[in-house]
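Undergrad: For reference, the structure I am asking about is given below.
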Amino acid sequence: MKNFFISYNSADRSWAEWIAWQLEEEGYTTVLQAWDFRPGANFVLEMQQAAEEAERTIAVLSPDYLAALYTQPEWAAAFVQDPTGKKGTLLPVRVRECEPKGLLRSMVYIDLVGQQDEATARDVLLRGIHRERAKPTVPPTFPGTAPRSVAERPRFPGALPSIWNVPHHRNPNFTGRETLLADLRTALISGEPAALIQAISGLGGVGKTQLAVEYAYRHTADYVLVWWVRAEEPATRAADYAGLARELDLPQKDAMDQRVVTEAVRRWLGQNPGWLLVFDNAPDPKDLRPYLPQGCAGHLLVTSRNPNWRGIAKPLPVKFLTQAEAVEFLLKRTGQIDAAAAAALAKALGYLPLALEQAGAYMEATGRSLSDYLEIFREHSQELLGPDYPPATDYPDTVATTWEISFQQVQRESPAGADLLNLCAFLAPEDIPRNVLREGAQHLPESLSAAVADSLAFDKMIQALRRYSLVEATGDALSVHRLVHTVARNRMAEDARRTWAEAAVQLVNGAFTFDRNDVRTWPTSSHLLSHALATAGHAEILRLASEATGELLNNTGLYLRERAESTEAKAALERALTIGEATYGPNHPTVAIRFNNLGDTLRALGNLAEARTHFERALAINEAAYGPNHPETATAICNLGNIFRDIEDFEGARGHYERALAIDEAAYGPNHPAVATDVNNLGLVLQDLGDLKGARAHFERALAIDEAVYGPSHPNIATYVNNLGSVLQNLGDLEGARTHYERALAINEAAYGPNYPYVASIVNNLGSVFRALGDLGRARVHYERALQIFRELLGADHPSTLTVRSNLDSLGA
């Protein structure tokens with residue numbers, strides 16, 4: 001018979017496991033669903049048996065526990081056995097703020113709320129379990145003078161959670177939506193798994209984001225973490241998950257493979273309660289599935305124009321404001337009292353919150369009355385109701401008209417501010433870095449460059465744009481609503497669009513300085529990725545096949561490839577190649593570089609035939625441009641050698657590697673990193689051919705060259721050390737192999753984090769050494785770790801996963 005059955009809600013699993021661990025450390029026995037209920041068993045019967053056979057029941061109290069239906073029979077069964085509590089059969093342990101009601105209200109609970117020190121919390125738990133007298137071990141402080149302790153002080157409801165990145169201020173003029181907010185809260189705290197993700201859907205500008213912002217601010221006291229995710233693009237989703245990983249200080253926060261970071265955040269969210277996540281402007285359910293935690297322990301909001309979310313979330317449609325709400329908003333926003341004029345204007349604006357806010361901002365800046373604004377609106381609306389525009393009842397007309405008034409006012413007040421808005425219209429809408437604008441002023445038209453470079457003039461531009469709510473500004477970034485982007489671009493003449501699109505390309509290209517060998521360039525590249533993609537996309541739509549556009553797409557593709565996002569990299573590099581051929585002609589050396597880059601990505605995707613075609617094309621161009629003995633020619637030759645090795649034509653690979661090495665040694669001398677790469681490749685193919693001593697000599701030479709260039713801890717060093725370990729293992733020097741693998745592993749873990757394919761490969765190699773040494777236990781541990789990494793990152797059917805699975809199976813049960 002077990003001492004304790006621990007009854008808990010899934011949102012409090014981490015608390016339940018911690019309690020069970022402390023009790024078992026103390027010598028008690030426990031029954032815990034997470035540990036003791038096996039797949040395939042009958043959940044209800046298991047729960048009944050656990051409750052009947054345990055001497056005492058611990059109820060882990062939280063709002064989720066009290067709201068859940070299935071937890072009630074668990075604690076009620078123990079209460080019936082001991083209604084007076086004399087035997088301590090039912091022991092409530094409160095882990096989150098909540099107020100027990102009914103029969104539970106009469107129970108004295110062990111209170112762990114507010115405990116921040118684990119040792120203290122353990123002592124409180126065990127003293128409650130032992131049912132000892134709660135007299136403290138030190139005299140209490142005289143209450144007449146003692147201040148209240150920090151641990152006892154409840155958190156001020158207006159204080160923000162410790163982890164908070166909501167990019168919007170609370171709207172003091174927020175009006176209406178009370179039923180929506182109440183429904184939202186009721187659903188989220190219902191405890192029903194299907195309601196823990198709420199999809200707020202509706203037309204653009206209807207107030208979806210504002211509803212999510214208002215909910216977040218109203219319920220700050222209910223969460224320890226509130227995190228905002230820009231969900232419209234894979235790049236921004238990944239970047240914001242990476243930001244959350246850094247805030248949580250997860251071990252995987254600096255992993256180069258974004259999938260590793262995302263999976264780490266998903267696991268944390270699935271195991272920890274008390275958080276709110278907002279996916280803003282999500283395009284489609286399938287785009288969010290890779291980011292959703294398994295076993296949602298917190299609350300998640302999605303805002304989207306797409307109403308089809310029933311597969312993963314409970315839809316919450318958002319409609320236009322009612323007339324009464326729209327009138328109330330306008331009167332509050334403007335401070336005016338003409339309700340009739342407000343009603344007429346609200347109707348003309350289609351009761352759309354974004355249009356109402358823009359109108360209010362205009363009237364606040366200009367001092368116009370409600371009736372004045374309505375007259376101006378009616379005059380300008382005629383221009384937008386022509387044959388080239390949708391019907392007047394469709395909200396883009398109303399928003400576009402409102403913005404056109406604001407655009408013209410900004411143009412009069414701050415021509416440079418209008419230019420800044422034109423530039424921003426060709427960047428991604430959110431998080432436009434101020435420093436990139438300042439530092440890239442030389443790339444901008446003269447009308448804007450001087451104002452951007454001058455801090456005071458810059459602030460005046462922002463002031464003019466903010467006056468009409470056309471931008472949001474923080475200390476280091478600007479954001480422009482996506483509909484403002486669209487309208488701003490559409491109202492430009494064709495030549496103006498081309499001017500500002502090219503300026504945006506030049507700006508971002510100058511700042512996107514990705515270098516795979518310099519990790520210091522990676523954070524900036526991550527930050528600018530969404531702008532690079534957006535800017536290049538606009539340039540292509542306008543058929544701006546400029547050198548800068550091609551260079552930006554090429555560098556973006558290289559960055560994506562290094563992040564193991566090969567499919568996205570392929571798309572960017574294909575576009576870069578097309579622009580390069582149009583810009584430079586089909587036989588230019590720059591085009592050869594693009595062929596090589598795209599070929600590398602195709603090879604990573606397993607498309608060897610197409611990769612070979614690209615490498616051969618690059619070789620032909622470089623031989624024609626530089627001759628047969630140039631380092632650029634050697635690069636293409638080396639890449640072709642990789643293809644021959646992939647298809648196991650080892651002699652063909654050897655010939656290519658030897659030719660590349662001869663060219664690079666003649667060009668650079670014997671101690672250049674390019675030479676090290678060639679020497680290492682030769683070592684690999686010699687190992688394939690069975691020449692282990694020759695392979696070892698080549699790996700040692702490559703290692704010596706790069707250690708002299710990069711130092712002892714660069715990822716290139718790990719590659720050569722790992723290769724040396726492999727050849728030593730084949731030579732029978734198992735301890736030498738082990739030492740090399742362990743060094744390579746330490747380097748790669750420091751560079752990539754603990755969960756990365758390069759790391760898994762070396763962990764697998766260590767497993768094989770331990771197996772050869774007869775240490776099957778450590779071999780199993782390493783194989784299992786490598787298998788987990790490969791399975792999570794590459795999938796269960798990837799060749800690397802299957803290889804490690806086979807290695808593990810070979811150890812037997």
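Note: Cβ is positioned from N, Cα and C throughout, glycine not excepted.
Per TrEMBL, the feature domain 'TIR' maps to 1-128. The feature repeat 'TPR' is assigned by TrEMBL to 592-625, 634-667, 676-709, 718-751, 760-793.
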Undergrad: Taking helix as H, G and I and strand as E and B in DSSP, count the residues of the repeat 'TPR' (718-751) in helix, strand and coil.
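TA: Its residues divide into 31 helix, 0 strand, 3 coil.
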Undergrad: Should anything in the same chain at least six residues away from the repeat 'TPR' (718-751) have a Cβ under 8 Å from its Cβ atoms, list it; otherwise answer none.
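TA: Same-chain contacts beyond the flanks: 256, 519, 676, 680, 683-684, 687, 692-693, 695-696, 699-700, 702-703, 706, 758-759, 761-763, 765-766, 768-770, 772-773.
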Undergrad: Mind looking up the mean pLDDT for the domain 'TIR' (1-128) in the predicted model?
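TA: That stretch averages a pLDDT of 82.
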Undergrad: Taking helix as H, G and I and strand as E and B in DSSP, count the residues of the repeat 'TPR' (676-709) in helix, strand and coil.
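TA: Here the numbers are 31 helix, 0 strand, 3 coil.
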Undergrad: Write out how many residues of the repeat 'TPR' (634-667) are helix, how many strand and how many coil, based on DSSP.
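TA: Breakdown, helix to coil: 31 helix, 0 strand, 3 coil.
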